[in-house]
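What follows is a short report on a single structure.
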Amino acid sequence: MVNTPQEQKRKAALAALEVIESGMKLGLGTGSTAAFMVRGLGQLYREHKLNDLICVPTSVATRNLAQEQGLPLTTINDVDRLDLTIDGTDEFDPQLNLIKGGGGALLREKIVASLSDRFVIIADASKEVDQLGRFPLPVEVVPFAWKTVARHIENSGIQALLRASMNPGDPYKTDQGNYILDLQTGGMPDLPKMKWMLEGLPGVVEHGLFLDMADEVFLGKEDRVERITKTN
Ligand SMILES: O=C(CO)[C@H](O)[C@H](O)COP(=O)(O)O
């Protein structure tokens, strides 16, 4: 039986649960793959196969799901560091650099990942690329200056589309009340240059390039889950 993309996500998410140990402080990612992980973790916790966990969710959606699962939650302000964060991704390259933020949670995801000793990614096979950038790069911007930021980016030749919400005419708003620009880069041969450009723009709150952060990927494939560890 060939795994569908949904099955690839589910199997990768459940395989990654093996790196969780009792007593850990955990970051919980956002998205459909992370949701499989949170449900699986909830089950292990309720069955007392994992105990004494403390979890920091990376979005309101994940907090709600984790609450439903009965997982013990805290906020990022109440921990100094985390043992492990498990999260999904929109793309990853051979160096395990990532594009994240397709689900709009990049800001909290990056903060939580940056406080984690280990950052594990769960993904279906479509997320593996040779070069980042086929997926639009999400950039979180303050509503006050979204057009200014978009104009700056477009002046460098990259189209920056304001993400729309479900309500026709309304922009999508992040959990922090910001907007998202989706950058149509078409491929980013120079990732540090893109990162540097975005971080130099006033009005940019965060961007979805996660460079040199992930330690490992659990990759769901058609016939198995592959574990890819970062080589330094
Ligand atoms: O970065 C994210 C949310 O901000 C998600 O991890 C990313 O969009 C992948 O989502 P999915 O697991 O649904 O494919």
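Just so it is clear, glycine is given a Cβ too, placed from its N, Cα and C backbone atoms.
Here the structure is a predicted model, which means the values were calculated and not measured.
Feature annotations, courtesy of TrEMBL:
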type     : residues                                                             : note
ACT_SITE : E109                                                                 : active site, proton acceptor
BINDING  : T30, G31, S32, T33, D87, G88, T89, D90, K100, G101, G102, G103, K127 : substrate binding site
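Structure with TrEMBL features highlighted.
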| residue | record | Cβ within 10 Å |
| --- | --- | --- |
| T30 | substrate binding site | 29 |
| S32 | substrate binding site | 15 |
| D87 | substrate binding site | 31 |
| T89 | substrate binding site | 28 |
| K100 | substrate binding site | 30 |
| G102 | substrate binding site | 21 |
| E109 | active site, proton acceptor | 31 |
| K127 | substrate binding site | 24 |
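The two recorded residues, T89 (substrate binding site) and E109 (active site, proton acceptor), show a Cα separation of 10 Å. Distance between Cα atoms for S32 (substrate binding site) and E109 (active site, proton acceptor): 14 Å, as a whole number. Of the recorded residues, K100 (substrate binding site) and the residue listed as 'active site, proton acceptor' place their C-alpha atoms 8 Å from one another. Under the DSSP three-state reduction, K127 (substrate binding site) is assigned to helix.
Site extent for substrate: the farthest pair of Cα atoms among T30, G31, S32, T33, D87, G88, T89, D90, K100, G101, G102, G103, K127 sits 15 Å apart. Within 10 Å (C-alpha to C-alpha) of E109 (active site, proton acceptor) lie the following binding-site residues from T30, D87, G102, K127: T30, D87. Sequence-ordered, the extra residues of this chain that approach the substrate site, with Cβ no more than 8 Å from the Cβ center of T30, G31, S32, T33, D87, G88, T89, D90, K100, G101, G102, G103, K127, are G29, A34, A105.
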